[in-house]
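If you look up Swiss-Prot, you'll see 11, 12, 13, 14, 15, 16 marked as FAD binding site.
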């Protein structure tokens, strides 16, 4: 192995641990850098240990059922030989229909497993700058150190790195009531690009009062300071509390919007149809399956968001794939910077995964680590990188983050709204998700079996675990 330059993985979270394992299992040396050290009292504001793959929030990887987004991703990762999912299965604790783990045992076991691998060198200490040479996988997460963040900032450019996630809810398009919502742009300028949910005065006042009274989630201390310096992150509930009409002069502004189904908006008999306020939704993906509630960045608790936002006419049955959030979250503008292989466009030997690239959730971070690690070792071996089938949950997620509109890019969790449509529509949602699952797992099986080298790599990973 003297002639093999080790691949460097920066960050020992879920993505980094998975990436390092895939590299090592392929027979290539890897240096896994982890900044945290209990002995040296060097931890992040959110971490409590220096173990690899520490779960800092929930101990749950999400729903187990494979006709759910998280569960399908679990199933795909099992096929691909993921060490994270294997250890999650081993250390599972009862949690209803979710895959939850004993987080202490889970992280300790992964740390021991990686440290004992002959191809893995675990280095404790901060990496203050992006390495210039060799193949590198960046998985430093949402709490990347200040020095490395500055190095990444210089590499990506000022406009392509975010430090605070203030995002509006994202809704499944087919759950929006089109009998109420209408397509239009303000003053009919250009293409009808927005779905508009009109409110009369009574509806608006009820919504405003509910929003003012709704319960907020508390920002952590280290997030409060960041929020002070984030331009334009005023939560919709704070805007509501500033006055009854504040939202009507902001994101719920009604001027220039009229439902053409009523006819000419100038006609006197149609004056009664002019909305008092309008909530707008902007298309989030190319296929128009996901819609973003414009200007609704919020710090409300998730249950409150669903209750209050479903008061908006047309959103009574809205299905949320991502709730609004406001928290510290260092992430890059992936559509501008990354290929679906998770390589940086301007430096193909630098790859990234985890929350840093705008995927949300433990399982998505694991999937990103799998792909980035797999492609890193393929590049080191002189092979072409691979992309996962877009019909899979993992493949569709990486296709989405690398092809979304850069201007409005916000992190995305796994969800069925980003998977390509079926050839024939299945009306029942649960049945449709089951068909998505069957197609995804069949396509992934065929994909794994296609290139002989790749088949051997995945088979070796699965067998040796």
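A Cβ is built for glycine as well, from the same backbone N, Cα and C atoms used for every other residue.
In this view, residue 14 (FAD binding site) is surrounded by 32 other Cβ atoms within 10 Å of its Cβ, with every protein chain counted. A 10 Å cutoff on Cβ-Cβ distances gives residue 16 (FAD binding site) a total of 29 other Cβ atoms nearby, all chains included.
Other residues of the chain with a Cβ within 8 Å of the Cβ centroid of 11, 12, 13, 14, 15, 16, the FAD site, are 9, 17, 18, 19, 52, 53, 139, 140, 141, 353, 354, 365, 369. Secondary structure from DSSP puts residue 11 (FAD binding site) in coil.
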